[in-house]
Amino acid sequence: MTDPTPAVRERVLSLPAAELPAYVYDLTALRAHACAVRDALPDRVELYYAAKANPEPEILAALAPYVDGYEVSSGGELAHVAEAVPGRPLAFGGPGKTPDEVTAALERGVERFHVESGHELRVLAELARRHAPGRRVGVLVRVNLPVADGSLAGSSLAMGGRPTPFGMDPERAREVVHALTDGTYPHLELRGVHAHLASGLEAPELLTVAGTVVSWATGLDVPIAEVNVGGGMSVDYADPERRFDWAAYGDGLARLTEAHPGLTLRIEPGRALTVYCGWYATEVLDVKGSHGEEFGVVRGGTHHLRTPATKGHDQPCSVLPVDAWPHPWPRPAAGSGRITLAGQLCTPKDVLSRHVPAPGLRAGDRVAFALAGAYAWNISHHDFLMHPRPGFHFLDDDGDGGDGDGDGDSHGSGGDRG
Ligand SMILES: Cc1ncc(COP(=O)(O)O)c(C=O)c1O
């Protein structure tokens, strides 16, 4: 939804201006969403959360009852997630794993390694021999498969089906599968196949991808116990009410698992799990005209919420009017037209949302940017221009949010994090 939940709205309006901008996360809404996603999936489909979407410890913990594990893609994520949700299964993926990262993962007993190349396999094998003697390390071979023409066409971020540094071409992946099963690497155990071919796909396209990956994996001449078909569920920033069809996706995955009774399927969504629970809240500092257009300049900008700059979209938002104006100087206000909301950076790229229908927008009004719960703060270039960092607020009906006073706000006074 674009409108903030009542709890978020109340928090945004009650924060002093000096504590804006702020990220406000509705953990109650996140739990409800994650629960619905879990319920839509068949039992034999494991749900891992791709921590790269939003690794805030409170988010990782709120998801814990609904996910089977977490996908991490660096040594940093690995250590962070292991500390935030101790004891939960981890899958370590991503290209360019360093020997130190692999060693740290082995020492932590990571459940699954997603092997991205033949070289990575050899590094892992030697380090497993040294650092994990006496156990066999579970490996999934990441394959970059071609898929039926058009299936990845809707993707904003295709990572497979074309030349990329991710995973291996099918022939190479097949060789790695054989090396894992012919006794060459006694410390490694082939568990299955991994593929994350694209992000931003609708359920029918993702089911085509899943079907292609499963038939390739089960067509290998060695038994495959697990197939991880990745994440990539669509999020529509232009129409936030339109949600990924988890029910259709779950039905399709159920058909796949029925066709392959011995197989465990796994998915690892990021964006579509957490994006809806986060808002970036700020206030309008100035309103001005420029060459026939109106601009509202807000506290903060794309150095905190980089998503609209990277994806080239307008971030959905709601204006929360504030009638009080405590200053002795006149209050700037917009006319009756549309207004472009820009941040405080000295670059024309610092635009959060264009042509927002906000007639009469005034300095001092608040704006809550929605869909800021994934690939938002953690992908932003925080230090550019040295503006203060936002506060972080975790609203939670179900828990104490970590600050011990029971109001579910672990950073209520604008805690500086990042
Ligand atoms: C290997 C892997 N798995 C899962 C994801 C999560 O994708 P999304 O956030 O689109 O669901 C990504 C994102 O880049 C990824 O690289």
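Numbering starts at 1 and runs along the chain as it is shown here.
Even glycines carry a Cβ here, placed using N, Cα and C.
TrEMBL: automatically predicted annotations, no manual curation.
What TrEMBL records for 23-373 is domain 'Orn/DAP/Arg decarboxylase 2 C-terminal'.
Here TrEMBL flags 30-274 as domain 'Orn/DAP/Arg decarboxylase 2 N-terminal'.
For K52 (N6-(pyridoxal phosphate)lysine), other Cβ atoms within 10 Å of its Cβ number 21. Taken from TrEMBL, the feature N6-(pyridoxal phosphate)lysine applies to K52.
DSSP assigns C346 (active site, proton donor) to coil in the three-state reduction, placing it in neither a helix nor a strand. Feature annotation from TrEMBL assigns active site, proton donor to C346.
Look at TrEMBL and you will find 396-418 tagged as region 'Disordered'.
The compositional bias 'Acidic residues' feature in TrEMBL is assigned to 397-407.
The compositional bias 'Basic and acidic residues' annotation in TrEMBL covers 408-418.
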Q | K52 (N6-(pyridoxal phosphate)lysine) and C346 (active site, proton donor), Cα-Cα, nearest whole angstrom | A | 28
Q: Would you mind giving the whole-number mean pLDDT across the domain 'Orn/DAP/Arg decarboxylase 2 C-terminal' (23-373)?
A: 96
Q.
DSSP secondary structure for K52 (N6-(pyridoxal phosphate)lysine), reduced to helix/strand/coil, please.
A. helix
